[in-house]
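Summarising the annotation, TrEMBL assigns compositional bias 'Basic and acidic residues' to 463-476. According to TrEMBL, the compositional bias 'Basic residues' annotation covers 742-753, 763-772. According to TrEMBL, the domain 'Oligosaccharyl transferase STT3 N-terminal' annotation covers 20-423. Taken from TrEMBL, the feature domain 'STT3/PglB/AglB core' covers 570-629. Among the features that TrEMBL reports, region 'Disordered' is placed at 445-490, 742-772. The transmembrane segment annotation in TrEMBL covers 20-42, 86-106, 118-137, 143-161, 173-199, 205-228, 240-265, 271-289, 301-325, 366-386, 416-436, 508-532 (among others).
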Amino acid sequence: MAASSDTVTPSSLRQAFGNVFSLFILILIGVLAFSIRLFSVIKYESVIHEFDPYFNYRVTQFLTKNGIYDFWNWFDDRTWYPLGRVIGGTVYPGLTLTAGTLWWILNSLNIPLSVETVCVFIAPTFSAFAAWATYLLTKEVKGAGAGLTAAALLAMVPSYISRSVAGSYDNEAVAIFALIFTFYLYIKTLNTGSLFYATLNALSYFYMVCSWGGYTFIINLIPMHALLCIVTGRYSSRLYIAYAPLVILGTLLAALVPVVGFNAVMTSEHFASFLVFLILNVVGFIYYIKGMLTPKMFKVAVTLVVSAGLIVCCAVVAVLIALVASSPTKGWSGRSLSLLDPTYASKYIPIIASVSEHQPPTWPSYFMDINVLAFLVPAGIIACFLPLTDASSFVILYLVTSVYFSGVMVRLMLVLAPAACIMSGIALSSAFGVFTRSIKFASSGKEADTGDTGNGVTQNDVVKPDKNEEPPNEKSSRKKKKEKENVEKAPIAAKKSERRLLMLPMEASVVAILLLMLLGAFYVVHCVWAAAEAYSAPSIVLTSHSHDGLHVFDDFREAYAWLSHNTDVDDKVASWWDYGYQTTAMANRTVIVDNNTWNNTHIATVGTAMSSPEKAAWEIFNSLDVKYVLVVFGGLVGYPSDDINKFLWMVRIGGGVFPHIKEPDYLRDGQYRIDNMATPTMLNCLMYKLSYYRFVETDGKGFDRVRRTEIGKKHFKLTHFEEVFTTHHWMVRIYKLKPPKNRMRVKTKKSKSKTTLTSSKRSATRKKNPWQ
């Protein structure tokens with residue numbers, strides 16, 4: 001008993017201490033991931049950021065107030081007037097249901113947090129969950145050390161921080177956790193062959209489908225890995241258990257999400273998973289009958305099975321081709337085609353190309369968003385090949401695909417971040433292992449060598465005097481035992497020699513560790529700076545630093561508050577689609593278009609109105625019952641994301657539906673200009689007039705600080721619109737459509753007949769519908 005306890009206790013104590021220490025580090029990583037995302041609340045206030053989060057916040061408010069059944073059946077008549085929108089069938093409900101459930105649990109525990117507070121802090125909370133999921137995934141690939149390192153890196157990586165700061169209440173807030181956790185459960189199932197983990201994997205995939213449209217990345221990446229394992233001869237029953245339940249159960253669950261529905265089996269994004277499933281069944285059946293038949297019968301059976309499998313696969317492919325042949329996009333969505341062909345959106349769907357986060361990234365953005373991880377990723381790839389397993393091959397495939405997609409669309413840098421952190425964690429863990437082992441070997445290597453040789457000499461000294469005293473048959477038995485021991489120790493000695501080949505001099509190892517620590521310190525400083533300065537400012541509240549201190553621009557909320565307090569509840573507000581969600585959520589007014597961008601014709605109508613002369617624009621807006629027009633202008637304060645900079649996209653989108661709008665009419669020698677060299681079409685369009693009306697009164701010159709030039713048309717009057725409100729810094733300007741009777745009339749001779757004729761013409765014009 002005592003001997004057994006002496007042999008077991010040290011290892012068990014060491015393992016227990018390691019588990020407790022790892023748990024403590026994971027808690028610290030979670031606290032770090034949560035706290036580093038609070039700069040936006042500390043520096044500004046607890047407020048929802050950006051544009052899309054305001055819609056999600058409004059939907060969550062409706063859910064908590066009216067319940068889940070009313071949420072599924074909610075028809076929102078305040079968006080996309082006069083069409084409206086069925087919210088329950090057109091939104092990914094994962095984020096809303098998660099926040100609503102969390103709010104309900106907290107209030108059930110008598111923790112009275114508001115819905116807005118829960119929405120603000122849900123992204124930092126799930127970033128901690130994502131870091132822990134990264135630990136679990138990387139641990140399955142390369143061990144606990146690499147997992148802890150990868151989790152710490154993900155907790156701070158700027159690419160993930162940019163979409164998960166406090167107040168960033170968007171789908172990615174919970175979707176990245178779901179993505180990583182689904183990958184972890186797939187690898188866990190692949191390593192263990194457990195049907196329990198396979199079921200959890202399908203449920204995690206279902207949560208990912210509920211949360212984000214990027215779930216198609218999962219349902220294509222996992223089939224690619226399964227096919228890679230089959231082609232490279234790594235098929236096993238564990239692969240079948242990991243893949244089959246995900247495709248069958250996961251697809252059935254995905255079809256339950258209203259926004260997905262039958263798209264789970266009818267669109268091209270999902271066809272690869274079904275085709276690989278058929279191939280996997282054919283290969284699995286071949287391996288099954290291999291152990292039941294003789295080699296000769298097995299060859300015949302393989303021929304039959306492969307032939308039947310090919311026939312079935314061809315039939316399935318033919319059916320799939322027939323299903324998608326009628327579609328002009330062959331069953332692919334516009335965003336998917338934009339990823340496969342980076343030029344597709346700019347050629348055919350300008351509404352997708354107009355979104356800034358759909359643009360390809362620049363090289364500096366990689367160093368901004370993943371920083372030093374870009375240099376560590378290649379080392380992590382090499383470490384994954386030593387040795388290459390099913391898990392490490394999946395991580396490599398994940399990295400390669402995410403690098404490609406992030407190069408097409410800057411938004412998908414968010415998908416690259418976990419892969420880069422996993423690879424960098426593996427690289428750092430392997431490097432630290434080599435360097436610390438080298439230092440340990442260098443410091444104790446001489447003693448170990450002398451100890452080994454000393455033991456050998458002692459054994460020889462003990463054996464030599466016994467040689468003369470032992471009988472011959474005992475000598476032969478001792479020789480046989482020594483031969484057996486030498487054979488058993490041979491692989492151990494080979495491993496030791498391999499380890500010694502990986503050893504470095506002590507000085508080099510110490511310098512390398514110091515350099516890695518310096519690299520890590522630089523990474524931490526950059527991440528903290530990015531979280532505090534680059535990504536913490538909410539887009540609805542802007543700041544700038546100058547020689548006289550900090551300036552805060554709260555013009556957006558000022559404009560929405562004016563709309564809320566000075567307009568009727570049923571008034572319709574027209575603006576470019578970027579500001580639709582905020583107008584509906586903060587001003588509670590009906591909008592013509594918003595950020596959902598589901599109806600290209602409706603958006604093109606607004607773009608056409610903004611691109612048209614004042615009279616034609618008035619007729620378009622009047623036909624849509626618009627009463628107010630909102631434009632964003634940054635020429636006074638230097639705000640670059642204003643409507644003048646977005647105007648060419650309005651022209652392109654409008655011209656894609658209404659051919660009389662032509663982009664060259666707004667360009668001078670191919671250049672977009674707003675100065676005195678601008679084209680007459682540009683100077684007379686509605687967007688130019690609404691942006692620069694009375695702008696010359698600010699400085700007497702009309703100098704635009706964004707375009708860095710004086711405007712071309714400075715003094716003009718509006719005939720069909722009247723200015724009703726301009727914010728303090730001129731960032732948001734609101735105009736009201738003049739009723740027909742109050743419009744400026746052309747002076748005519750006071751003749752009764754002419755006056756009667758003119759009034760009849762005006763009444764006819766007033767009744768005319770421009771869209772008939």
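Yeah, the Cβs are placed from backbone N, Cα and C, and that goes for glycine too.
Summarised by DSSP class, the composition of the domain 'STT3/PglB/AglB core' (570-629) is 33 helix, 10 strand, 17 coil. At the 8 Å Cβ threshold, with sequence separation of at least 6, the transmembrane segment (366-386) lacks contact with the transmembrane segment (205-228), having fewer than 3 such pairs.
The list of residues near the transmembrane segment (20-42) in space but at least 6 beyond its ends in sequence, with Cβ under 8 angstroms from a Cβ of it, reads 49, 120, 123-125, 127-132, 135, 144, 148, 151-152, 154-156, 161, 164-167, 527-528, 531-532, 536-538. Only pairs six or more apart in sequence are counted, and the transmembrane segment (416-436) with the transmembrane segment (118-137) gives three or more Cβ pairs under 8 Å, enough to call it a contact. If one looks beyond the transmembrane segment (205-228) by at least 6 residues along the same chain, the residues whose Cβ comes under 8 Å of a Cβ in the stretch are 92-95, 97-98, 171-172, 174-175, 178-179, 182-183, 186, 239, 242-243, 246-247, 250, 253-254, 256-257, 260, 264, 269-270, 272-273, 275-277, 279-280, 335-336, 393-394, 397-398, 401, 405, 415.
Tertiary proximity for the transmembrane segment (173-199) is limited to same-chain residues at least six positions away from its ends with a CB under 8 Å from its CB atoms, namely 94-95, 98, 122-123, 126-127, 129-130, 133-134, 136-137, 140-141, 160, 163-164, 205, 207-208, 211-212, 214, 217-218, 222, 236-239, 241-242, 244-246, 249, 390-391, 394, 398, 414-415, 417-418. Here the transmembrane segment (143-161) has Cβ contacts under 8 Å with residues 18, 22, 25-26, 29-30, 32-33, 36-37, 127-128, 130-132, 134-137, 176, 368-371, 373, 413-414, 416-418, 420-422, 424-426, 428-430, 432-433, 523-524, 526-528, 530-531, 534-535 of the same chain, all six or more residues outside its ends. Taking the domain 'Oligosaccharyl transferase STT3 N-terminal' (20-423) as a whole, pLDDT averages 89 in the prediction.
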